[in-house]
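Visitor: The structure that follows is given in the form of structure tokens.
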Amino acid sequence: MRRCPCRGSLSEAEAGALPAEARMGLEALRGGRRRQPGLQRPGPGAGGPTGRPEGGGPRAWIEESSLHSEAERTDLEPAPCPNGPQAESCGDGHAECEAAGLVVASEKPRQNKELDGSNLQTHPRRNSPLVEMEMAGSWTDGFRTDLHRSDLQSRPKRASLCTQPGFDESWTELDRSDMWQTLPERDNKPRVDNLRTHHGVSKLQTHPVCLSPESSADNSGKELSADASRTPHDTDGFWIESQTDDSLKGPSTQTACRQPGSDGFSSKDTESALTQPGTDGLRDDSVLGESNGNDPLDLSEPGELVTNLCSHLECSSLCPVPRLIITPETPEPEAQPVGPQSRIEGGTGGFSSASSFDESEDDLVAGGGGTSDPEDRAGSKPWKKLKTVLKYSPFVVSFHKHYYPWVQLSGHAGNFQAGEDGRILKRFCQCEQRSLELLMGDPLRPFVPAYYGMVQRDGQAFNQMEDLLADFEGPSIMDCKMGSRTYLEEELVKARERPKPRKDMYEKMVAVDPGAPTPEEHAQGAITKPRYMQWRETLSSTSTLGFRIEGIKKADGTCNTNFKKTQALEQVTKVLEDFVNGDLGILRKYVARLEDLRETLENSPFFKTHEVVGSSLLFVHDHTGLAKVWMIDFGKTVALPDHQMLSHRLPWTEGNREDGYLWGLDNLICLLQGLAQS
């Protein structure tokens with residue numbers, strides 16, 4: 001075999017030992033480029049046709065760029081050689097060996113001494129016609145193409161050759177000259193910490209180059225938003241920088257990058273035109289791969305050519321992301337998906353307590369079917385509107401709510417389901433249906449949820465009502481049970497006639513006060529529902545103030561329903577003050593709304609002729625200053641006998657049907673007024 005041309009020329013005797021076919025091929029390829037005896041090829045700093053002037057003149061292959069494509073030039077150009085003192089002579093002899101088919105590229109390319117395992121070296125580009133031609137963006141032979149093979153053998157390239165030794169190894173680079181010489185190396189070259197790699201494929205791929213239009217004071221251009229994550233979209237191939245974290249969300253075949261010094265961003269696509277940076281337009285290039293999004297990309301100086309290779313191996317697992325359709329018509333458009341808007345579990349919550357005769361207002365749940373333990377559900381579901389905003393300059397794309405399981409502060413699990421178009425579905429109760437239908441024509445209409453009739457879903461009937469939280473952003477919610485009693489007189493009569501002890505009521509009583517049940521109830525291990533409800537009201541502010549706080553959920557997601565023993569005036573005042581975080585503006589709005597409600601109740605024909613038991617006031621406010629109060633839960637609101645009317649302020653005795661609603665409302669307004677004035 002013939003020795004490597006880097007080690008010198010062969011003697012005539014050694015050359016004669018080669019096969020005739022090799023000699024013929026060697027002579028044919030040498031052509032007119034063979035050097036005269038005694039003459040040496042000029043070095044990188046020398047002038048001449050094969051050398052390069054000191055000032056950085058054009059390279060020898062500039063004239064061929066308009067005649068041959070990249071794939072065609074690979075047969076005429078030398079294979080890369082390692083750095084060393086023989087680099088110049090190797091460039092000539094190695095090309096001859098490769099042309100004769102006698103040299104095969106190594107499967108493991110030699111690592112450049114000036115590279116560490118994670119850096120991609122960049123070379124300065126002189127002020128030459130080549131640079132001007134490349135910056136002009138109109139190449140006669142189109143984009144550069146590289147033939148990636150999985151075996152990494154026989155891969156001649158014009159500029160650089162990057163191979164992947166293995167999945168866990170660093171990428172190496174063989175950077176050599178395009179024709180007969182090596183580019184001058186610099187001692188203090190900035191490294192590209194953000195190493196980018198390509199997966200090798202067995203077909204031609206288009207590899208673009210990114211030109212940095214300007215640099216910073218330390219001669220290094222940097223990509224913007226280096227800490228932003230890049231999110232791939234399945235088939236559209238766009239990268240969206242949400243600027244929220246440092247994670248990389250999976251591979252893609254195209255990358256959107258922002259060029260320094262431009263107001264717009266550069267979205268790279270293989271069929272898009274070039275727009276020069278420094279304008280508000282979009283700069284489009286062609287690229288394959290993606291960035292790891294952890295470190296900025298450093299360039300050594302203006303006008304330098306950088307080939308960015310992206311690694312698919314350092315990516316985190318793919319996460320499902322909605323597909324976006326982005327249109328650069330306006331600086332910050334807001335796109336909304338087609339379909340009805342509603343609520344989601346993490347967004348808003350329900351406003352109901354028990355609302356049927358066989359339900360207890362003490363059956364507390366959270367999360368639309370979760371546990372009744374306050375500790376289990378405290379802070380588990382934040383009360384804020386679900387609004388995912390993905391920002392990528394100059395666009396703002398937001399996604400609003402679709403469907404959500406209803407979240408309750410109190411009441412039985414499964415009472416609510418998500419509706420459509422800003423509505424909710426509450427389990428059907430004929431008493432509540434009749435009350436809501438009458439309230440739609442009563443002066444109380446602005447203080448109750450709108451009613452849209454009965455609907456069927458999955459074989460069950462539901463009352464369809466307005467979602468009262470639709471206009472709030474991250475609301476804080478409080479449920480106050482109004483009145484001096486929360487049970488109907490009919491329930492007492494029924495319990496006497498057909499007592500039905502319940503084990504669950506006994507367990508609830510013992511959980512609050514183990515000494516509350518009588519010895520007989522302890523022995524039986526069960527109590528009736530009216531017995532439990534009467535006992536419960538003696539513990540809370542229902543018996544002392546005419547209302548009690550059922551539950552509170554703050555904007556930060558914390559939930560508290562442990563108000564069973566909140567009875568003293570000072571305790572209730574403290575809870576109310578904490579609910580509004582001492583915001584006097586919110587307090588004044590609540591007071592004004594409650595005063596309007598009281599005036600309307602006193603003039604309402606419906607209210608005068610109905611026993612309102614177990615109903616609640618729903619308090620809602622948010623960070624924007626919006627604050628409202630509504631009457632909810634009419635499952636135990638029943639009509640009075642003919643010609644009977646209630647004052648709603650007198651104490652209750654069995655038979656007078658007084659509920660103490662206005663008595664409790666008067667006390668609540670007085671407490672809030674005191675807080676607002678203090």
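Just so you know, glycine gets a Cβ as well, placed from its N, Cα and C.
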Visitor: For the candidates S160, S170, S540, I need the one that Swiss-Prot annotates as phosphoserine.
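Guide: That would be S160, per the phosphoserine annotation in Swiss-Prot.
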Visitor: Taking D442, D479, D622 as the options, which does Swiss-Prot list with K426, E466, D467, L468, K553, D633 at the ATP site?
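Guide: Of D442, D479, D622, D479 joins K426, E466, D467, L468, K553, D633 in the ATP site that Swiss-Prot records.
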Visitor: Given the binding-site residues E466, D467, L468, K553, D633, which one's Cα is the least distant from that of K481 (substrate binding site)?
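Guide: That would be D633, the closest of E466, D467, L468, K553, D633 to K481 (substrate binding site).
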Visitor: Which bits of the chain, at least 6 residues beyond where the region 'Calmodulin-binding' (504-512) starts or stops, bring a Cβ under 8 A of a Cβ in it?
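Guide: Result: 360, 362, 521, 524-529, 531-532, 535-536, 539, 564-565.
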Visitor: Taking just the CA atoms, what is the gap between P530 (substrate binding site) and K426 (ATP binding site) in Å?
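Guide: Each residue's Cα considered, P530 (substrate binding site) and K426 (ATP binding site) end up 25 Å apart.
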Visitor: Can you give me the Cα-Cα distance between D504 (substrate binding site) and D633 (ATP binding site) in Å, rounded to a whole number?
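Guide: Their Cα atoms are separated by 23 Å.
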Visitor: Tell me, roughly as an integer, the mean pLDDT over the motif 'Nuclear export signal' (318-326).
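Guide: Value for the motif 'Nuclear export signal' (318-326), mean pLDDT as a whole number: 40.
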Visitor: Could you give the Cα-Cα distance between D479 (ATP binding site) and R536 (substrate binding site), in whole Å?
Guide: 17
Visitor: If you measure K553 (ATP binding site) to M533 (substrate binding site) at Cα, how many Å is it?
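Guide: It is 24 Å, counting Cα to Cα.
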